[in-house]
Amino acid sequence: MMLGPEGGEGFVVKLRGLPWSCSVEDVQNFLSDCTIHDGAAGVHFIYTREGRQSGEAFVELGSEDDVKMALKKDRESMGHRYIEVFKSHRTEMDWVLKHSGPNSADSANDGFVRLRGLPFGCTKEEIVQFFSGLEIVPNGITLPVDPEGKITGEAFVQFASQELAEKALGKHKERIGHRYIEVFKSSQEEVRSYSDPPLKFMSVQRPGPYDRPGTARRYIGIVKQAGLERMRPGAYSTGYGGYEEYSGLSDGYGFTTDLFGRDLSYCLSGMYDHRYGDSEFTVQSTTGHCVHMRGLPYKATENDIYNFFSPLNPVRVHIEIGPDGRVTGEADVEFATHEEAVAAMSKDRANMQHRYIELFLNSTTGASNGAYSSQVMQGMGVSAAQATYSGLESQSVSGCYGAGYSGQNSMGGYD
């Protein structure tokens with residue numbers, strides 16, 4: 001018998017698919033037929049590490065009858081979004097709330113924020129001016145670049161205190177030049193993720209028959225994890241005192257340690273994906289839970305991709321740029337857990353504008369960082385059947401999904 005909310009597992013439901021702008025009042029109105037324990041205090045939104053709402057929330061209810069009433073609201077609408085309702089329990093709720101959000105047990109803020117949408121050529125001085133009146137620590141601005149040295153349009157800023165970082169969030173959607181800038185909570189852990197390992201967005205082309213021998217040696221050096229050399233300084237300008245600057249690419253494309261002095265050889269195993277045919281190897285995300293997209297419209301944006309996967313909430317989106325500086329029609333999308341990446345595969349062959357999108361899973365349960373137990377998976381509505389996609393058991397996926405698609409023609413990003 002389930003105990004009351006003052007002890008035991010309580011009377012808890014989980015909502016999924018909430019609008020990003022959802023408020024406590026919206027949840028109370030949606031569950032107006034139910035008694036919410038402690039009123040507004042009984043609604044607990046789940047946040048991403050960037051401080052954004054994840055589209056999910058736990059709600060503590062007053063009785064088992066209230067839980068049954070709430071479950072009847074499954075698939076009903078809130079605005080233009082339909083909401084999924086799952087039965088949950090206090091153990092799951094406490095675990096998820098503890099391990100989500102920028103203030104979670106898995107991350108430390110230390111006064112960091114992340115900026116997105118910076119104009120091309122944005123300088124650190126412009127960022128300082130953007131946050132005029134808020135003290136930024138010395139060398140506290142990081143402008144990540146990709147292995148080709150191109151600005152990603154994002155930045156990390158460390159303020160002198162967490163209070164100042166909270167004030168900095170008030171600059172969300174203000175402008176630098178003609179671009180409106182998004183400001184999110186961040187953490188030192190997230191800063192590290194952009195350079196730990198620094199090869200996360202690197203693509204290595206298989207050498208052609210007329211390539212110089214050095215090119216082949218570089219390729220073999222990575223695949224065999226042999227001949228690793230220290231990275232040379234260059235592209236990753238962290239801006240934090242004591243952190244060395246790395247490009248992430250040595251003359252031999254080899255890696256020994258990251259900028260925190262840790263061995264990088266681990267990240268080379270199980271991270272090469274043969275699914276795109278024989279012409280390319282792609283290094284996957286540091287979370288280990290990535291979905292590759294192919295066939296994107298030429299003008300597709302990050303927001304289009306976030307909306308495509310709604311109500312799931314990707315951790316990060318990287319739209320690939322070719323050597324000619326144009327989009328390739330492909331993108332890598334990182335998710336926080338293996339379960340979310342598997343759930344995202346339900347969007348395979350769905351349309352974005354007038355193009356259908358192919359998806360390829362690159363995630364393993366073994367790469368999950370602590371993640372959800374089977375009980376948590378059930379709370380998310382992920383069944384064992386869903387964990388098996390297109391006849392391939394998720395546990396058998398070894399950094400390589402979609403081998404059955406390798407014979408298909410590549411869907412480019414050009415219309």
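Counting begins at 1 with the first residue displayed.
Glycine too: its Cβ is placed from the backbone N, Cα and C atoms.
Computed from a predicted structure; not experimentally measured.
Summarising the annotation, Swiss-Prot assigns domain 'RRM 1' to 13-85. If you average pLDDT over the domain 'RRM 1' (13-85) in this model, you get 92.
Positions annotated as site 'Interaction with RNA' by Swiss-Prot: Arg16 (among others).
Per Swiss-Prot, the feature site 'Interaction with RNA' maps to Trp20 (among others). In this structure, Trp20 (site 'Interaction with RNA') belongs to neither helix nor strand by DSSP; it is coil. Around the Cβ of Trp20 (site 'Interaction with RNA'), a 10 Å sphere holds 13 further Cβ atoms from the protein chains shown.
Residues annotated as site 'Interaction with RNA' in Swiss-Prot: Arg52 (among others). DSSP gives Arg52 (site 'Interaction with RNA') a coil state; it is part of no helix or strand. Long-range Cβ contacts of Arg52 (site 'Interaction with RNA') within its own chain (separation 6+, distance under 8 Å): Trp20, Phe184, Asn313.
DSSP assigns Lys72 (SUMO cross-link) to coil in the three-state reduction, outside any helix or strand. Summarising the annotation, Swiss-Prot assigns SUMO cross-link to Lys72.
Its own atom aside, the Cβ of Arg75 (site 'Interaction with RNA') has 10 Cβ atoms within 10 angstroms in the protein chains shown. The site 'Interaction with RNA' annotation in Swiss-Prot covers Arg75 (among others).
Under the heading domain 'RRM 2', Swiss-Prot lists 111-188, citing sequence analysis as support.
For Arg116 (site 'Interaction with RNA'), other Cβ atoms within 10 Å of its Cβ number 15. According to Swiss-Prot, the feature site 'Interaction with RNA' maps to Arg116 (among others).
Counting every protein chain shown, the Cβ of Phe120 (site 'Interaction with RNA') has 9 other Cβ atoms within 10 Å. Per Swiss-Prot, site 'Interaction with RNA' is recorded for Phe120 (among others).
As annotated by Swiss-Prot, site 'Interaction with RNA' applies to Lys150 (among others). Secondary structure from DSSP puts Lys150 (site 'Interaction with RNA') in coil.
The local packing around Lys173 (site 'Interaction with RNA'), expressed as other Cβ atoms within 10 Å of its Cβ over all shown chains, amounts to 10. Lys173 (site 'Interaction with RNA') carries neither a helix nor a strand DSSP state and counts as coil. Residues annotated as site 'Interaction with RNA' in Swiss-Prot: Lys173 (among others).
The annotation N6-acetyllysine is assigned in Swiss-Prot to Lys200 (among others) on the grounds of similarity to another entry.
What Swiss-Prot lists as phosphothreonine is Thr215.
The N6-acetyllysine annotation in Swiss-Prot covers Lys224 (among others), and the record cites a large-scale study or a structure entry as its basis.
Residue counts of the domain 'RRM 3' (289-366) by helix, strand and coil are 19 helix, 30 strand, 29 coil (DSSP-based). What Swiss-Prot lists as domain 'RRM 3' is 289-366, and the listing cites sequence analysis.
Residues annotated as site 'Interaction with RNA' in Swiss-Prot: Arg294 (among others).
Within 10 Å of the Cα of Arg326 (site 'Interaction with RNA'), the following recorded sites from the list Lys150, Arg294, Tyr298 place their own Cα: Tyr298. In three-state terms derived from DSSP, Arg116 (site 'Interaction with RNA') belongs to an extended strand segment. Across the structure, Lys72 (SUMO cross-link) and Tyr298 (site 'Interaction with RNA') are spaced 42 Å apart at their Cα atoms.
Arg294 (site 'Interaction with RNA') sits 27 Å from Arg16 (site 'Interaction with RNA'), taking the Cα positions as reference. Counting other C-beta atoms within 10 Å of each candidate's C-beta, the recorded positions Arg16, Lys72, Lys150, Arg326, Arg349 are led by Arg16.
Looking only at the recorded sites Arg16, Arg116, Phe120, Lys173, Tyr298, the one with its C-alpha closest to Lys150 (site 'Interaction with RNA') is Phe120. Looking only at Cα atoms, Arg116 (site 'Interaction with RNA') sits nearest to Lys173 among the recorded sites Arg16, Arg75, Lys173, Tyr298, Arg349.
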